[in-house]
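K.L.:
Okay, these came from Swiss-Prot:
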type	residues	note
REGION	1-27	region 'Disordered'
MOD_RES	S7	phosphoserine
MOD_RES	K17	N6-succinyllysine
MOD_RES	S62	phosphoserine
MOD_RES	S72	phosphoserine
MOD_RES	K75	N6-succinyllysine
BINDING	H101, D124, D128, D232	Mn(2+) 1 binding site
BINDING	D124, H126, D232, D234	Mn(2+) 2 binding site
BINDING	H126, T127, D128, I129, N130, S137, G138, N139, D183, T246, E277	substrate binding site
MOD_RES	S163	phosphoserine
MOD_RES	S217	phosphoserine
MOD_RES	T281	phosphothreonine
Amino acid sequence: MSSKPKSLEIIGAPFSKGQPRGGVEKGPAALRKAGLLEKLKETEYDVRDHGDLAFVDVPNDSSFQIVKNPRSVGKANEELAGVVAEVQKNGRVSVVLGGDHSLAVGSISGHARVHPDLCVIWVDAHTDINTPLTTSSGNLHGQPVSFLLKELKGKFPDVPGFSWVTPCISAKDIVYIGLRDVDPGEHYIIKTLGIKYFSMTEVDKLGIGKVMEETFSYLLGRKKRPIHLSFDVDGLDPAFTPATGTPVLGGLSYREGLYITEEIYKTGLLSGLDIMEVNPTLGKTAEEVKSTVNTAVALTLACFGTQREGNHKPGTDYLKPPK
């Protein structure tokens, strides 16, 4: 494991303006209510709670071309970037609870200010790499990667609210896992830029063990560096995470999701985490909401050392009779 002190800071990001459905701003509260913090405190990490950010709507936030709520999304991300950078400066792992996935702009930007050599593992049914020119919906939760990529700088007009963003990762610094709903413009971008991805076809063909081996070899083979895991719960199949805004059939299993997060923990390099797109208002039943929230909690815990094989406290002799 890494030698830096093991501590993490939870940042609630109750924000929904990157997409049209209300309720995703209730994600952080649902994860807290499910006992996420208490459970994290049982791991070897020192857990701090930053609380929830209070995002203020920008009045008269008219669309830019077809891009919706640009100033509100830009401002929320600018605020989040500052908080994440502060957490990183203090040597803690930033854990951002979304909120919609447009927040990755701020989360990854803030992380990169302190660790410019970071790499990104993006688990999602979607690439979220539409640009303001290729998007058909105008929803910014489908565009965060385009703002972060150096290779796309200058490929689309300046969006109001985003003047603070400096692209901070290259095409070779990101790997996608779980893709199965990619727009033509996005497919063109990932192919043209040579971005590494494991769609569900590759996951089916190789198995998740090989996928993670290849992911680490590609991102960390030459040099160990901080990992930012941006996890959209729709990366998993809707059988496990139905309460989310854009579910797509045929996704990762619960087991594959846990394997991804367990393996990332084992590298000792996880430095930033996003748990995104839990929308407790979209479950058809209480059971669907519970399943989605509990799955998101389990994925988060696995990132910090909770193992399916079980855990025990180091240095404790469990066979000693109690005094």
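All residue numbers here begin at 1 and follow the chain in the order shown.
Cβ atoms are placed via backbone N, Cα and C, with glycine included.
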K.L.:
Largest pairwise Cα distance, Å, within the listed substrate binders H126, T127, D128, I129, N130, S137, G138, N139, D183, T246, E277?
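P.N.:
With H126, T127, D128, I129, N130, S137, G138, N139, D183, T246, E277 as the binding residues for substrate, the largest Cα distance is 19 Å.
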K.L.:
Between the Cα atoms of E277 (substrate binding site) and S72 (phosphoserine), find the distance and write it as a whole number of Å.
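P.N.:
Cα-Cα distance, E277 (substrate binding site) to S72 (phosphoserine): 18 Å.
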K.L.:
Cβ atoms within 10 Å, counted per site: which of D183, D232, D234, E277 has the most, among these binding-site residues?
P.N.:
E277
K.L.:
Three-state secondary structure of H126 (Mn(2+) 2 binding site) from DSSP?
P.N.:
coil
K.L.:
Cα within 10 Å of H126 (Mn(2+) 2 binding site) is the criterion; apply it to the recorded positions S7, S62, S72, K75, G138, S217 and give the hits in sequence order.
P.N.:
none
K.L.:
Which numbers of helix, strand and coil residues does DSSP report for the region 'Disordered' (1-27)?
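P.N.:
The composition, in the requested order, is 4 helix, 7 strand, 16 coil.
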K.L.:
Long-range same-chain neighbours of N130 (substrate binding site), Cβ under 8 Å, sequence gap at least 6?
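P.N.:
Within the chain, N130 (substrate binding site) has Cβ neighbours under 8 Å at S136, G142, Q143, S146, D183, G185, E186.
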K.L.:
What kind of secondary structure is D232 (Mn(2+) 1 binding site) part of, going by DSSP in three states?
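P.N.:
Looking at the DSSP assignment, D232 (Mn(2+) 1 binding site) belongs to a strand.
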K.L.:
Whose Cβ lies within 8 Å of the mean position of the Cβ atoms of D124, H126, D232, D234, the Mn(2+) 2 site, other than those residues?
P.N.:
H101, V123, A125, D128, G178, V233, G235, T246, V248, M276, E277
K.L.:
Far apart in sequence but close in space: which same-chain residues, 6 or more away, have a Cβ under 8 Å from K17 (N6-succinyllysine)?
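P.N.:
Non-local contacts for K17 (N6-succinyllysine): D57, K68, N69, S72, V73, A76, D100, S102, L140.
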K.L.:
Go through the recorded positions S7, K75, D124, D128, S163, T281 and tell me which ones have a CA within 10 A of the CA of D234 (Mn(2+) 2 binding site).
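P.N.:
Cα within 10 Å of D234 (Mn(2+) 2 binding site): D124.
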K.L.:
What does the structure give for the C-alpha distance between S217 (phosphoserine) and D124 (Mn(2+) 1 binding site)? Integer Å is fine.
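P.N.:
Per the Cα atoms, S217 (phosphoserine) and D124 (Mn(2+) 1 binding site) stand 20 Å apart.
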